[in-house]
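Worksheet: one structure, shown below.
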Amino acid sequence: MTLAAITYTRGSLSILNQLLLPHQTTYDPLHSACDAWHAIHEMRVRGAPAIAIVAALSLAVELDALAANNQLSPEPKEVEVFIREKLEYLVSSRPTAVNLAEAAGRLGGIVSAKAEVRGVDGREVAEAYIAAAQRMLEDDVKDNRAIGEFGARWVLENGVATGSESGSEKGKVAVLTHCNTGSLATAGYGTALGVIRSLHATGSLERAYCTETRPYNQGSRLTAYELVHDKIPATLITDNMAAALLARNRAGSAASVGVSAIIVGADRVAANGDTANKIGTYGLAVLAKYHGVKFLVAAPRTTIDMNTKTGADIVIEERPKQEVTRVRGPRAGEEVDGLRAMETITVAANGIDVWNPAFDVTPAALIDGIITEVGVVEKDASGAFHLARIFE
(Lines of atoms letter the chains of each structure in order from A and count residues from 1; the text may use other names and numbers.)
(Lines give C-alpha, C1' and ligand atoms only; values in the text may rest on other atoms or scores of the structure.)
Protein backbone atom coordinates (compact mmCIF):
# COMPACT_ATOMS: atom_id res chain seq x y z
CA MET A 1 0.00 0.00 0.00
CA THR A 2 1.47 3.36 -1.08
CA LEU A 3 1.39 6.44 1.07
CA ALA A 4 -1.45 8.95 0.83
CA ALA A 5 -0.40 12.58 0.98
CA ILE A 6 -3.97 13.73 0.36
CA THR A 7 -7.14 12.33 1.90
CA TYR A 8 -10.41 13.65 0.54
CA THR A 9 -14.08 12.87 0.83
CA ARG A 10 -16.84 15.25 -0.18
CA GLY A 11 -16.61 18.24 2.19
CA SER A 12 -13.44 17.06 3.96
CA LEU A 13 -9.75 17.47 3.02
CA SER A 14 -6.60 16.61 4.96
CA ILE A 15 -2.93 16.62 3.98
CA LEU A 16 -0.01 14.70 5.39
CA ASN A 17 2.22 17.34 7.01
CA GLN A 18 5.47 16.72 5.17
CA LEU A 19 7.48 19.05 7.39
CA LEU A 20 7.20 16.45 10.15
CA LEU A 21 8.24 13.46 8.04
CA PRO A 22 9.82 10.99 8.46
CA HIS A 23 9.61 11.35 12.22
CA GLN A 24 5.89 12.01 12.72
CA THR A 25 2.84 11.11 10.64
CA THR A 26 0.30 13.89 11.13
CA TYR A 27 -2.61 14.86 8.89
CA ASP A 28 -3.64 18.53 8.88
CA PRO A 29 -7.26 19.35 7.99
CA LEU A 30 -7.82 22.11 5.43
CA HIS A 31 -11.17 23.90 5.49
CA SER A 32 -10.64 26.71 3.01
CA ALA A 33 -8.53 28.17 0.24
CA CYS A 34 -6.76 30.26 2.87
CA ASP A 35 -5.78 27.11 4.78
CA ALA A 36 -4.43 25.58 1.57
CA TRP A 37 -2.47 28.72 0.64
CA HIS A 38 -0.57 28.57 3.92
CA ALA A 39 -0.05 24.80 3.70
CA ILE A 40 1.40 25.15 0.20
CA HIS A 41 3.52 28.21 0.96
CA GLU A 42 4.91 26.63 4.14
CA MET A 43 5.61 23.41 2.17
CA ARG A 44 3.52 21.21 4.42
CA VAL A 45 2.38 19.92 1.05
CA ARG A 46 4.68 20.13 -1.99
CA GLY A 47 5.20 18.66 -5.41
CA ALA A 48 3.65 20.39 -8.41
CA PRO A 49 0.79 17.89 -9.01
CA ALA A 50 -0.10 17.67 -5.30
CA ILE A 51 -0.09 21.45 -4.91
CA ALA A 52 -2.61 21.85 -7.74
CA ILE A 53 -4.90 19.14 -6.39
CA VAL A 54 -4.82 20.40 -2.81
CA ALA A 55 -5.52 23.95 -3.95
CA ALA A 56 -8.46 22.85 -6.10
CA LEU A 57 -9.97 20.58 -3.45
CA SER A 58 -9.58 23.15 -0.67
CA LEU A 59 -11.83 25.52 -2.58
CA ALA A 60 -14.27 22.66 -3.22
CA VAL A 61 -14.46 22.06 0.55
CA GLU A 62 -14.96 25.78 1.18
CA LEU A 63 -17.78 25.93 -1.39
CA ASP A 64 -19.43 22.88 0.19
CA ALA A 65 -19.35 24.56 3.59
CA LEU A 66 -20.78 27.81 2.23
CA ALA A 67 -23.60 25.93 0.52
CA ALA A 68 -24.37 23.91 3.66
CA ASN A 69 -24.65 27.12 5.69
CA ASN A 70 -26.73 28.91 3.03
CA GLN A 71 -23.94 31.45 2.54
CA LEU A 72 -23.47 30.85 -1.16
CA SER A 73 -24.87 33.53 -3.45
CA PRO A 74 -27.74 32.38 -5.67
CA GLU A 75 -26.32 34.54 -8.47
CA PRO A 76 -24.15 32.48 -10.85
CA LYS A 77 -21.94 35.43 -11.81
CA GLU A 78 -21.20 36.24 -8.18
CA VAL A 79 -20.16 32.65 -7.50
CA GLU A 80 -18.02 32.67 -10.64
CA VAL A 81 -16.20 35.82 -9.50
CA PHE A 82 -15.74 34.39 -6.00
CA ILE A 83 -14.19 31.19 -7.38
CA ARG A 84 -11.91 33.00 -9.82
CA GLU A 85 -10.62 35.35 -7.11
CA LYS A 86 -9.90 32.40 -4.81
CA LEU A 87 -8.07 30.56 -7.60
CA GLU A 88 -5.94 33.62 -8.35
CA TYR A 89 -5.07 33.85 -4.66
CA LEU A 90 -4.10 30.16 -4.53
CA VAL A 91 -1.80 30.47 -7.55
CA SER A 92 0.28 33.05 -5.66
CA SER A 93 1.28 30.45 -3.04
CA ARG A 94 4.01 28.83 -5.25
CA PRO A 95 4.38 30.67 -8.59
CA THR A 96 6.95 28.37 -10.24
CA ALA A 97 4.72 25.27 -10.20
CA VAL A 98 2.77 25.48 -13.46
CA ASN A 99 0.26 22.73 -12.57
CA LEU A 100 -1.46 25.07 -10.13
CA ALA A 101 -1.79 27.89 -12.66
CA GLU A 102 -2.91 25.44 -15.35
CA ALA A 103 -5.54 23.95 -13.04
CA ALA A 104 -6.76 27.39 -12.00
CA GLY A 105 -7.18 28.43 -15.62
CA ARG A 106 -8.97 25.24 -16.56
CA LEU A 107 -11.28 25.27 -13.53
CA GLY A 108 -12.01 28.95 -14.06
CA GLY A 109 -13.03 28.20 -17.63
CA ILE A 110 -15.40 25.45 -16.49
CA VAL A 111 -17.00 27.78 -13.96
CA SER A 112 -17.39 30.61 -16.48
CA ALA A 113 -19.01 28.30 -19.02
CA LYS A 114 -21.47 27.03 -16.40
CA ALA A 115 -22.31 30.54 -15.24
CA GLU A 116 -23.29 31.47 -18.82
CA VAL A 117 -25.91 28.71 -19.05
CA ARG A 118 -29.40 30.15 -18.94
CA GLY A 119 -31.35 29.29 -15.79
CA VAL A 120 -28.50 28.03 -13.58
CA ASP A 121 -28.05 29.32 -10.05
CA GLY A 122 -25.00 29.88 -7.89
CA ARG A 123 -25.16 26.44 -6.32
CA GLU A 124 -25.01 24.75 -9.74
CA VAL A 125 -21.92 26.79 -10.62
CA ALA A 126 -20.30 25.65 -7.38
CA GLU A 127 -21.27 22.04 -8.13
CA ALA A 128 -19.63 22.24 -11.55
CA TYR A 129 -16.42 23.41 -9.88
CA ILE A 130 -16.52 20.71 -7.19
CA ALA A 131 -17.05 17.93 -9.74
CA ALA A 132 -14.13 19.16 -11.85
CA ALA A 133 -11.83 19.42 -8.82
CA GLN A 134 -12.70 15.87 -7.77
CA ARG A 135 -11.91 14.58 -11.27
CA MET A 136 -8.42 16.07 -10.95
CA LEU A 137 -7.75 13.78 -7.99
CA GLU A 138 -8.92 10.69 -9.88
CA ASP A 139 -7.10 11.56 -13.11
CA ASP A 140 -3.75 12.24 -11.41
CA VAL A 141 -3.37 8.70 -10.07
CA LYS A 142 -4.30 7.21 -13.45
CA ASP A 143 -1.86 9.50 -15.25
CA ASN A 144 0.94 8.70 -12.81
CA ARG A 145 0.59 4.98 -13.38
CA ALA A 146 0.78 5.55 -17.12
CA ILE A 147 3.92 7.67 -16.65
CA GLY A 148 5.41 4.87 -14.58
CA GLU A 149 4.72 2.23 -17.22
CA PHE A 150 5.94 4.31 -20.18
CA GLY A 151 9.05 5.39 -18.29
CA ALA A 152 9.96 1.90 -17.11
CA ARG A 153 9.64 0.52 -20.63
CA TRP A 154 11.82 3.32 -22.05
CA VAL A 155 14.55 2.85 -19.45
CA LEU A 156 14.67 -0.90 -20.05
CA GLU A 157 14.89 -0.37 -23.81
CA ASN A 158 17.31 2.57 -23.80
CA GLY A 159 19.16 2.58 -20.51
CA VAL A 160 22.30 0.60 -19.83
CA ALA A 161 21.25 -2.51 -17.91
CA THR A 162 23.52 -3.60 -15.11
CA GLY A 163 25.42 -6.81 -15.76
CA SER A 164 26.79 -9.72 -13.80
CA GLU A 165 30.27 -8.23 -13.93
CA SER A 166 29.23 -5.68 -11.31
CA GLY A 167 27.56 -8.26 -9.10
CA SER A 168 24.07 -7.45 -10.36
CA GLU A 169 21.46 -9.63 -11.94
CA LYS A 170 21.72 -9.18 -15.70
CA GLY A 171 18.97 -7.13 -17.31
CA LYS A 172 18.11 -5.05 -14.28
CA VAL A 173 18.60 -1.30 -14.03
CA ALA A 174 19.62 1.12 -11.32
CA VAL A 175 18.09 4.59 -11.21
CA LEU A 176 19.11 7.82 -9.48
CA THR A 177 16.39 10.33 -8.57
CA HIS A 178 16.32 13.77 -6.99
CA CYS A 179 13.95 15.52 -4.59
CA ASN A 180 10.58 13.80 -4.03
CA THR A 181 8.29 12.84 -6.89
CA GLY A 182 6.28 10.02 -5.36
CA SER A 183 2.96 9.59 -3.59
CA LEU A 184 3.84 12.52 -1.35
CA ALA A 185 4.20 14.87 -4.34
CA THR A 186 1.10 13.74 -6.25
CA ALA A 187 -2.32 12.25 -5.66
CA GLY A 188 -0.63 8.85 -5.57
CA TYR A 189 2.07 6.60 -7.09
CA GLY A 190 4.24 9.45 -8.37
CA THR A 191 6.01 10.62 -11.52
CA ALA A 192 9.76 9.90 -11.45
CA LEU A 193 9.29 7.73 -8.38
CA GLY A 194 6.36 6.13 -10.20
CA VAL A 195 8.81 4.93 -12.85
CA ILE A 196 10.96 3.43 -10.10
CA ARG A 197 7.86 1.77 -8.61
CA SER A 198 6.95 0.31 -12.00
CA LEU A 199 10.47 -1.05 -12.51
CA HIS A 200 10.37 -2.60 -9.05
CA ALA A 201 6.92 -4.11 -9.63
CA THR A 202 8.17 -5.97 -12.71
CA GLY A 203 11.36 -7.18 -11.03
CA SER A 204 13.50 -4.95 -13.26
CA LEU A 205 14.95 -2.64 -10.61
CA GLU A 206 18.33 -3.48 -9.15
CA ARG A 207 18.51 -0.43 -6.90
CA ALA A 208 17.22 3.12 -6.55
CA TYR A 209 19.48 5.94 -5.42
CA CYS A 210 18.03 9.12 -3.96
CA THR A 211 19.82 12.36 -3.26
CA GLU A 212 19.49 14.11 0.07
CA THR A 213 18.23 17.21 -1.82
CA ARG A 214 19.47 20.13 0.20
CA PRO A 215 18.48 22.49 1.61
CA TYR A 216 15.00 21.14 2.44
CA ASN A 217 16.06 17.50 2.37
CA GLN A 218 13.05 16.21 0.47
CA GLY A 219 15.14 13.27 -0.69
CA SER A 220 16.32 12.09 2.71
CA ARG A 221 13.08 12.97 4.51
CA LEU A 222 10.47 12.04 1.93
CA THR A 223 11.79 9.91 -0.94
CA ALA A 224 13.78 7.68 1.41
CA TYR A 225 10.64 7.40 3.55
CA GLU A 226 8.59 6.22 0.56
CA LEU A 227 11.26 3.78 -0.62
CA VAL A 228 11.56 2.20 2.83
CA HIS A 229 7.76 2.10 3.16
CA ASP A 230 7.44 0.24 -0.17
CA LYS A 231 10.44 -2.03 0.57
CA ILE A 232 12.23 -0.92 -2.60
CA PRO A 233 16.01 -1.55 -2.52
CA ALA A 234 17.48 1.91 -2.18
CA THR A 235 20.53 3.89 -1.12
CA LEU A 236 20.62 7.50 0.07
CA ILE A 237 23.48 9.76 -1.03
CA THR A 238 24.26 13.41 -0.34
CA ASP A 239 23.92 15.77 -3.27
CA ASN A 240 27.67 16.14 -3.73
CA MET A 241 28.19 12.36 -4.04
CA ALA A 242 26.36 12.06 -7.37
CA ALA A 243 29.44 12.53 -9.53
CA ALA A 244 31.36 9.90 -7.60
CA LEU A 245 28.42 7.51 -7.88
CA LEU A 246 28.26 7.89 -11.66
CA ALA A 247 32.02 7.58 -12.03
CA ARG A 248 32.63 4.54 -9.89
CA ASN A 249 31.37 0.99 -9.86
CA ARG A 250 32.92 -0.59 -6.80
CA ALA A 251 32.15 -4.28 -6.47
CA GLY A 252 31.09 -5.40 -3.04
CA SER A 253 30.02 -1.99 -1.73
CA ALA A 254 26.62 -0.36 -1.30
CA ALA A 255 27.37 1.65 -4.44
CA SER A 256 28.35 -1.37 -6.54
CA VAL A 257 25.53 -1.03 -9.08
CA GLY A 258 26.14 1.23 -12.08
CA VAL A 259 23.45 3.87 -12.63
CA SER A 260 21.43 3.27 -15.80
CA ALA A 261 19.41 6.49 -15.79
CA ILE A 262 18.66 9.63 -13.81
CA ILE A 263 14.94 10.36 -13.59
CA VAL A 264 13.58 13.58 -12.10
CA GLY A 265 10.24 15.33 -11.89
CA ALA A 266 9.38 18.87 -12.98
CA ASP A 267 7.62 21.95 -11.71
CA ARG A 268 7.41 23.52 -15.16
CA VAL A 269 8.47 22.39 -18.62
CA ALA A 270 8.79 25.12 -21.26
CA ALA A 271 7.62 24.63 -24.84
CA ASN A 272 11.18 23.88 -25.99
CA GLY A 273 11.75 21.28 -23.25
CA ASP A 274 13.74 23.44 -20.81
CA THR A 275 12.71 22.18 -17.38
CA ALA A 276 12.44 23.91 -14.01
CA ASN A 277 12.81 21.48 -11.14
CA LYS A 278 14.24 21.32 -7.64
CA ILE A 279 17.58 23.07 -7.25
CA GLY A 280 20.37 20.63 -8.11
CA THR A 281 18.59 19.08 -11.09
CA TYR A 282 20.67 21.06 -13.60
CA GLY A 283 23.89 19.81 -12.03
CA LEU A 284 22.72 16.20 -12.25
CA ALA A 285 21.92 16.68 -15.94
CA VAL A 286 25.42 17.98 -16.60
CA LEU A 287 26.90 14.98 -14.77
CA ALA A 288 24.68 12.60 -16.72
CA LYS A 289 25.80 14.04 -20.05
CA TYR A 290 29.48 13.77 -19.10
CA HIS A 291 29.15 10.17 -17.89
CA GLY A 292 26.90 8.98 -20.73
CA VAL A 293 23.92 8.29 -18.45
CA LYS A 294 20.37 8.81 -19.73
CA PHE A 295 18.62 11.83 -18.18
CA LEU A 296 14.81 11.80 -18.13
CA VAL A 297 12.09 14.16 -16.91
CA ALA A 298 8.82 12.57 -15.74
CA ALA A 299 5.80 14.86 -15.67
CA PRO A 300 2.14 14.93 -16.69
CA ARG A 301 1.12 17.14 -19.59
CA THR A 302 -0.31 19.65 -17.11
CA THR A 303 3.29 20.48 -16.15
CA ILE A 304 4.15 21.43 -19.75
CA ASP A 305 3.55 25.14 -20.32
CA MET A 306 3.32 25.80 -24.04
CA ASN A 307 2.92 29.53 -23.31
CA THR A 308 6.42 29.61 -21.80
CA LYS A 309 8.75 29.42 -24.78
CA THR A 310 12.04 28.73 -22.99
CA GLY A 311 13.44 28.31 -19.51
CA ALA A 312 14.57 31.94 -19.54
CA ASP A 313 10.91 32.92 -19.11
CA ILE A 314 10.35 30.82 -15.97
CA VAL A 315 10.09 32.74 -12.69
CA ILE A 316 12.28 31.05 -10.06
CA GLU A 317 10.99 31.19 -6.50
CA GLU A 318 13.51 32.16 -3.84
CA ARG A 319 13.10 30.75 -0.35
CA PRO A 320 14.04 32.11 3.11
CA LYS A 321 17.71 31.97 4.09
CA GLN A 322 16.85 30.03 7.27
CA GLU A 323 16.18 26.95 5.15
CA VAL A 324 19.91 26.89 4.38
CA THR A 325 21.33 28.06 7.70
CA ARG A 326 19.17 25.88 9.94
CA VAL A 327 18.23 22.20 10.16
CA ARG A 328 15.24 20.88 12.06
CA GLY A 329 14.82 17.34 13.37
CA PRO A 330 14.28 15.20 16.45
CA ARG A 331 16.86 14.79 19.16
CA ALA A 332 18.35 11.34 18.62
CA GLY A 333 17.43 8.63 21.09
CA GLU A 334 15.21 10.65 23.44
CA GLU A 335 11.46 10.12 23.47
CA VAL A 336 8.65 11.69 25.47
CA ASP A 337 5.29 9.90 25.27
CA GLY A 338 6.54 8.03 22.22
CA LEU A 339 7.67 11.18 20.40
CA ARG A 340 11.15 12.60 20.09
CA ALA A 341 11.59 16.29 20.87
CA MET A 342 12.08 18.40 17.73
CA GLU A 343 14.92 20.90 17.67
CA THR A 344 16.20 23.52 15.24
CA ILE A 345 19.98 23.65 14.84
CA THR A 346 22.02 26.46 13.27
CA VAL A 347 24.60 25.11 10.79
CA ALA A 348 26.06 28.31 9.33
CA ALA A 349 27.99 31.33 10.57
CA ASN A 350 25.79 34.17 11.79
CA GLY A 351 25.74 37.10 9.39
CA ILE A 352 26.57 35.18 6.22
CA ASP A 353 24.55 36.11 3.13
CA VAL A 354 22.48 33.30 1.61
CA TRP A 355 21.16 32.69 -1.89
CA ASN A 356 18.39 30.10 -1.83
CA PRO A 357 16.61 29.53 -5.16
CA ALA A 358 14.09 26.72 -4.87
CA PHE A 359 14.55 25.61 -8.48
CA ASP A 360 16.98 25.66 -11.38
CA VAL A 361 16.39 25.25 -15.10
CA THR A 362 17.83 22.30 -17.01
CA PRO A 363 18.34 23.08 -20.73
CA ALA A 364 16.51 20.79 -23.13
CA ALA A 365 19.85 19.89 -24.71
CA LEU A 366 20.71 17.87 -21.60
CA ILE A 367 17.40 15.95 -21.48
CA ASP A 368 17.06 12.62 -23.33
CA GLY A 369 13.32 12.25 -22.94
CA ILE A 370 10.21 13.66 -21.26
CA ILE A 371 7.95 10.95 -19.87
CA THR A 372 4.24 11.85 -19.95
CA GLU A 373 1.02 9.94 -19.46
CA VAL A 374 0.71 9.51 -23.25
CA GLY A 375 4.26 8.37 -23.92
CA VAL A 376 7.91 9.42 -23.89
CA VAL A 377 8.76 12.45 -26.00
CA GLU A 378 12.23 12.33 -27.55
CA LYS A 379 14.11 14.95 -29.56
CA ASP A 380 14.26 14.89 -33.34
CA ALA A 381 17.45 14.53 -35.35
CA SER A 382 18.21 18.24 -34.88
CA GLY A 383 17.97 17.94 -31.11
CA ALA A 384 14.59 19.67 -30.70
CA PHE A 385 11.55 18.56 -28.71
CA HIS A 386 8.13 18.95 -30.34
CA LEU A 387 5.90 18.95 -27.28
CA ALA A 388 2.88 20.46 -29.02
CA ARG A 389 2.26 17.09 -30.70
CA ILE A 390 1.22 15.41 -27.44
CA PHE A 391 -1.65 17.91 -27.10
CA GLU A 392 -3.08 17.21 -30.55
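Easy rule for this one: first residue shown is 1, then count along the chain.
For all residues, glycine too, the Cβ spot is worked out from N, Cα and C.
Note that the structure is a prediction, hence the values are computed from the model and not measured.
According to Swiss-Prot, the protein has these features:
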SITE      Cys179  site 'Transition state stabilizer'
ACT_SITE  Asp267  active site, proton donor
TODO: Would you count the other C-beta atoms found within 10 angstroms of the C-beta of Asp267 (active site, proton donor) for me?
DONE: 29
Task: Nonlocal neighbours by CB distance (under 8 Å) for Cys179 (site 'Transition state stabilizer'), same chain, sequence gap 6 or more - done: Thr211, Thr213, Gln218, Gly219, Thr223, Val264, Gly265, Asn277, Lys278, Gly280, Thr281
